Structures are given as structure tokens and as C-alpha cells.
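Just below is one structure, and these are the notes that go with it.
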């Protein structure tokens, strides 16, 4: 190895000494990424103080320490001389290298290694492999014989850099959420999440993103925009009408050229260096779905094959995507779990722990909207909320302009903009009528603007760039659209491992697991009632809102117990539940607002159903995928879609009517009756309602793989095929003589007649009881024998029936890590275990204020307190019998007065009590069965 003597230091790539050994004795401090004021503001926004990260010198191999607080002054990268004991004296250095080190002056222990051109205060410590000049100033500080190790011939470069990267990996922590990163550029990009800054903006729809890759993915939706063309199928008439028709046609052509020119305009700003993707289309041969990349096609084809190539090495669970496997593997890792000191709940990340601790303290960062005063816990939520105000302001001006009547537009004088537009279109203003002049003026104002204005529909749907080709519904993300398409295709990728039932969404499967496990994790804090679904708990809490108002809760407790205060009126409450109920009185929150009429709703499902009212017949008859076909048959409708936002469809139609042009946007489509407005574009079937059309389109989308062996017709499901096969059979000749019901087969008729004749062929040999089916008899025999033949392999518990064993085994599927040390009973959550341990400890924490009786659970004391409530004395004066229901009490009194309030519905006979009525109804039943048996016997003799 050649060594150059001089004053330039040792280059990093030659590493004449063991650089890993050198880093083991250094101390690193992170660079400052923003000033002290921004850091203090970010730390103050946290619900609690962030954990301090300090790596001990004796325990950590890289000896890195992160300062708990930052200053505005940039830190220096200081080098400390390693002790002589850390290097082996047996290792001998190279002679040439030794001479070179002897020529270098020794460095001090506080010498900085950053040069003058490196902006450390802005970027922090960057990656060593891409910024090697950081190590050019390293100098020798100890004698060479003690510092340099012997050269290892078997050590390769790749292994050396891999070890180096392991030592300095993830040394850039975020001071807000404590998340760490490998490179400072990744930390700078991550800080945009906390600041809420979104610097990358789409110049087509105005949507903003915080990462350039998200913007590139978003721009693909604008790549394949179709241009509408105008076909002149009607000959122009004479006079003024001909001039107006020529103006409309010329305007449409000019609009198309302007739209094409605006699409080819060079982008500016942050998007100037963003290339559009040039990938070709790739089509799936099974469902004809088109993808931009071939890798996306391969990933999509796994849905059809059902293959799951990625499996977990711990639990052997398989997945069809690598990202899903990576997300699942984190659930098995316990190395990074942090625990809450209050409730003991564990988390994999510190950021999740900080969010969880805010639920105990009751405090959260307050980001308020300046327009409406609404507050949010995260800056991203505030930015999304502000977009609602921006869309509302953008919609007000175009809507006012659209409401201008046509008569006032025609009366407007000819402006300079109108004359310039007429000269652009090659039309003389003096030779056209007022209707054509109005249209020219609108077009002139369109060209006079510096940029094309968006119509109100585009502004309203600016955040919904992914539209469904079946029902036309828009979504803001491509993943949401893919999940929505499962409704039309019938795809259900999520399957229950217990019963095999399939679901479209993963959270539907999670909710379905409650049916098997019978787990009820959602508990009411007031009465202790538990529920399996959060929606059930929300509906249950509405009962307490009526029974326990806020004044009742505040009047029975001392002031020191009222820890939750209202920020609006200052009233205090004992818990967050009563505080939330009180805040609803202030704001009456209905967060879901209709963009068209402004109506508010409390649930998003109600808003979705409400939006169907505003959909016009033209939008429902022709989905978005068919807009290009419809535009080819419209001469005036093209002007309506490319004209400025203040040119309404009524004005264009009036101008065309003045010119004598028949502007029928649906002239190439068959006329649909007024009663059935919505027609299918595939088969032509018509429907009265739009939902009927959407439901009908499932027939064309679902794959039909089951064929009838008689006529060859295909079906999607086995049940549909079974119903179809019965149409090929003869009529139902097997009729029940008692009730007249008809059956396809004689076996079905015989099984049905057992209900009338009470024929029970399967009888018990011990008690003589008869049953309709054999498995009923097998279940009944367990009562006499007491045999429990079904045994659980996990806990050795035995059961009498197989269904009971299957239901018991489902409890072992769900993890129950919380075990009681006294009785061994297991629980899923720690809160349930703590509540259970009160029984062993004898702690009855709930005491009745009236009688002093104590209870273990809050549900027990609530049930007990009902006995203290004042109730009417419903006691019979004759027999001293007590009743809870006034209805039964009044009927009971009639029996002592000689009345017969209980009547038979068949014959009208009345009885004084229910026992006599039940015996009488049983007599009617036996009469019907005897008549049916006699009728069957008579048919057998014939």
C-alpha cells in the first residue's frame, strides 16, 4: 500500500488504521435543523415531555449521545483521542504509513472536521459514503506504534462499509416524535409532516403534496385526458341564425385548440423537472383491467390465481404482497415495545405512546381555524379543514355568475373584449344577432384571462381525481377506488379462518371475529355494560345523555373531583364523557356538509345518500367513462364543457335556438320513457331509479364460471345455477294435501308431511320421545348417558356435543395474554384482569349512598339503585299479589271482578287467566292434526 507524505491527511478510502475502532471512542452530537424558537414551539405542542435519548458510553458500541435540548448555534463535530489501552500492542503498522504519520502534526482533542463549504447547520451530519470530504482533516494524535492495527488481508471493502454503516445507522432523531432516520435528508423530509408544509403542487388541479413522489403518482391521472370533438351534422340556416351557428362552431374549435395549447404549456416552479411517466399500457387477460406498469400487472394477477407467495416465518401466515408481510412481522417483534406507565398498554413506537398518553392527561395540542374557530389535534387535520373553506369561496363567485338571466346578458353593450373575440373567430359583430354577441362576449372574457378557469364542477371535485367507471363516484386516492370497485366486481379477498365467510374489507372481517370469540372489548364507563362493536357502544351512550345530564353529574361530586373543564363556558365535569356531551350543546356538531346545498349531517352514510338527490339525469344516464362517446354526438355540449365557468348551458342552448340549431345532447340515444329515466348502456334495460341501474350493472361485471349442462347458460354463483336448473324440470307435481304446498321431488314432500302427521320415526329407547331427524335423537341421548365424548386438545375440557367443542375452541384462537395468578383465568386486556382481581382481593369499591351496600362492579350498583327508585304500588287488594307492569295488573284485577279478558283468536272463547287460554289453544291444535292424519290415511287406502 502506497502512502503519500504531505500535509493533506489520510484519505477515507485507504483507511490505514481501523476506522471502526476509531469511531468506538468518539462522541457525536446532532446538527441543528431549525432554530430554537421552532424547537420550543414543537416541544410545547406535545401532550407530555418526549423521552430523553442517551446512549451510555459503557453499553453502546458507537458511543453516541443526543442532546436533550438544542440551541440556535451550530454544533461542532469534535474528536476525542482514543485511549491507548483500546488498541492492541501486538498489531504492527505498515512502514510507509508510519513514515507518513510521523510527518503529520498532532491534532487537538477539540478540532472540528467540517470544512468551510459544508453547511452543517442546515443539513446536519450527512451520510459518510456520499460526503467523504468530512474525513479529509483527520490527523494522528498518538504514536503510530500504539494506534495503528495490523492490516487484515481477509477483510473486504463491502464487509467493512457494512460494519461502518451499522455503527452510525439511524443517528438523526426527530425532536417532536423521537423517530430516527439514517440520513439527514430523510429527517428534513419527515419534518414536513409536523409543520404541515406541502410544497409540491399540481398545476392541473391545484392539489398539494409533501413529497415529490406523491406528486408524480398523482399526475398519472391527468395523462390520458380526452379531447371532445364537434361534429357538424345539421346544415346551417340562413340570415342571423346562420351567423350565430357559425359563431358557435368557430368557438368550439377555438376552445379545443386553446385547451390543447394549455396542456402543452411548460410547467413552472417545483414541477419543472418532473418527467411524466412513459410506461405503456398492460392489460390483464382475465378481467381486461389496464395498468401502467408491468410490475403492477403481475401484482394484480395474484388476485385471480389466489397465490400468496409471502409467508411469515413465525406463524406461517401467508400474504399476497410483500408490504403486507412486512407490516405483519412487526406484530411479532417485542424488542421495540414501550409501555405506558399509567395503564400498562404497550406500543411499538414512541410516537404512538405519546398520542396514547394524551388520553390520560386530557390535554392535546390546539390548532384552531381562523375562520370558524374549530380546533384540531394535528396540523394536517387543520390543513384539510381549511380546504373546505377555500372550495366554498371558489364556488361562490361562479355560482353567482351562473344565476344571471339570459335577458340581461343579451342587453349588455358590445365591449372591446367582444370585438377582439369576434376578430379572433373571423366574425363581424355588426352582422350577428344579440344572442350570438352574448356568446362571443363570454368567449372573449375566457381568452382575455391569463389562465384557464376551472368550472365549478372541477373545483368541487378537485380532491377526487379517481372516478369509478361504473357508478361515476369520485375518490381522492387510488387505493380507495380499488376498494370501492370490489362492490361492483364482487371480489371478497378477506376470508374468516373459522367459518370460511369472505368479506370485502379487512375491518369487516375484524368485526366478524366477534361472532366466534364472543369478545366484547367496548365497555361503557357509566354502567359497565360491554359491547362487541364500537357502533353499539355509541348508540348505547345516547341513553345516558337523556338519563344523566351534565347538571346531575356536577351536583353530586365535590369540586376537587371535577377535573375536566369546558373551554367555552368554564363548567367542570368528573370525566371526559360528560364533558363531550356538554360540548355538543355548544356546537351541535354535524361535520359532514353537502357541497351543493350546504346541508349538514352527523354521519357520512346519510351524506352519501343525500348526494344522490343532486345528481342530474344526464350524469346518471352517462357515466364518466362514456363522456367521450356522448360528446361526439353533441354539437353544442362541447362548448358547454370547454367554455368558461360563467357560460351556462341555458345560455348556449338559447343562442343555438336563436340560430336555428337543434341542440339535443342525446339525439343518438334511444328516447327513454319518462317513468324509466335510467337505461343500461350494455343491454338497454331501463330503470326508474339510479340505484336500480347500479345494482343491475353487477350482472355485467361479475365473472360467470358455472355453466348449465342443459342449455349452456353461465352463472356466477352455485345458488343461481340451482334455481336455473329447476326451470328445465317439469312442473311441481308433488303437492301437499293439507296445506297445498308444491314440491319438486317426492322426498321433499314426504319430509314436509311429517309436520302435519307428527310422524317422528326416530324415537328414544329410554324415554320414548320421538324426533324428526336422527341428529336430534343423538343430541337427546346425551341427557340420559351424561357422556362427554368431545375433548379439547388444548385444555382437556370435555363437551357433550361437537358444536359446543367448536364454539369453545374459538376462544383459543384469540390471544389472551393477561392471566390471573390466583385462579388462572385469562383475559384479553389488562383492564379486564384488574377488574377481575377485585373479586379475589375482596375490594368492593362501588358503594350505594342510600343504604351503604358495596359491590364489585359498577353494573351491579346501577342495578341495585333501581330498587331505591319510587315506583307505584301495584299490589292486588284481593290476593295481595305484586306486579311490575300496570298492563298485567289491570288484567289481573278483571279476573277478580268476574271478567274474562283473555280471548281465543280462533273461536272467540274468553278465559279468566292465561292457563285456560293455553289449554284451549292446545285443543285446537290437536283437532287440526287429527283431521290431517285422517285425510292422509284416506288417501293411502285409495
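Quick reminder: no glycine exception, Cβ is built from N, Cα and C everywhere.
Residues or ranges marked as compositional bias 'Polar residues' by Swiss-Prot: 96-106.
Here Swiss-Prot flags 66-106 as region 'Disordered'.
As annotated by Swiss-Prot, zinc finger applies to 172-194 (among others), with the evidence given as sequence analysis.
The zinc finger feature in Swiss-Prot is assigned to 282-304 (among others); the stated evidence is sequence analysis. Sequence-distant contacts of the zinc finger (282-304) (same chain, at least 6 residues past either end, Cβ-Cβ under 8 Å): 220, 320-321, 489, 491, 493, 703.
Here Swiss-Prot flags 310-332 (among others) as zinc finger, drawing on sequence analysis.
Mapped onto DSSP classes, the zinc finger (338-360) shows 11 helix, 4 strand, 8 coil. According to Swiss-Prot, the zinc finger annotation covers 338-360 (among others).
Same-chain neighbours of the zinc finger (367-389): 193-196, 198, 358, 463, 593, counting only residues six or more beyond its ends whose CB sits under 8 Å from a CB of the stretch. For 367-389 (among others), the entry in Swiss-Prot reads zinc finger.
Residues or ranges marked as zinc finger by Swiss-Prot on the basis of sequence analysis: 466-488 (among others).
Look at Swiss-Prot and you will find 494-516 (among others) tagged as zinc finger, backed by sequence analysis.
For 564-586 (among others), the entry in Swiss-Prot reads zinc finger.
Here Swiss-Prot flags 706-728 (among others) as zinc finger. The residues of the zinc finger (706-728), classed with DSSP into helix (H, G, I), strand (E, B) and coil, number 11 helix, 4 strand, 8 coil.
Taken residue by residue, the zinc finger (818-840) breaks down under DSSP into 11 helix, 4 strand, 8 coil. Here Swiss-Prot flags 818-840 (among others) as zinc finger, drawing on sequence analysis.
Look at Swiss-Prot and you will find 846-868 (among others) tagged as zinc finger, backed by sequence analysis. When Cβ-Cβ distances below 8 Å are used as the criterion, the zinc finger (846-868) is approached by residues 526-529, 835, 838-839 of the same chain, each at least six residues removed from its ends.
Under 8 Å from some Cβ of the zinc finger (874-896) lie the Cβ atoms of residues 902, 912-913, all in the same chain and six or more residues away from its ends. The zinc finger feature in Swiss-Prot is assigned to 874-896 (among others).
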Overall pLDDT for the zinc finger (172-194), taken as the rounded mean:
80
